[in-house]
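Scroll down for the structure; my scribbles are underneath it.
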């Protein structure tokens, strides 16, 4: 019995090995046979998970790259200011008869005694203390060249940045943020002469103490709606007056006949 049992085991082992070799030959290249998949199911699942992770990482990297390219394009685009920090109005210079700073579509900058469409300006903040000035009608920015000449620019550049300062007399001065005298470090200011023409900022006569550089902002303030409300004040009730105790009226006394006694003196 023992020999027959051993022979059966030997033949069964041979049959199984031959069947396994045949399956390997029939399977295509690069794909494991069923025996291999049955033997190592964990390995196949790990490979599948790694392949899915690689695909997800590549998919996530592609939108990131696209966003990066978009961000670089936005940085290269022109300056855009937020609409929340804008002030729309005019800048009035009290030099001479008084002029409103105006910007023309052809790039000319001067002053007009009467306010008009060209004198409607929009002042927006660029950074701390630095502002930009744009003409609403001309849609161009006030700029100062390297020679100190005022002109209008279609694009917002560093020449369009001005430093805004508040003076003691409630007027403002606007000096170029990048251009100044190299030797002395004197700033170049936006100024108008008595005839309403723009002065050169590099001129030694253009000083922050002179009225030609003083501008009064005249902004349109939006009318706030009238808020009406009623307040009900509770009426204070007067405390009840204390009740005076009733004093019983005493009955009138009857006049009793008074007896008069006479003193009698006895002598003797």
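For all residues, glycine too, the Cβ spot is worked out from N, Cα and C.
Here the structure is a predicted model, which means the values were calculated and not measured.
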Which range of 26-81, 82-137 is region 'Disordered', per Swiss-Prot:
26-81
Return the residues near residue 110 (N-linked glycosylation site) by Cβ distance under 8 Å, restricted to its own chain and a separation of at least 6 in sequence.
99, 102, 104, 192, 196, 197, 198
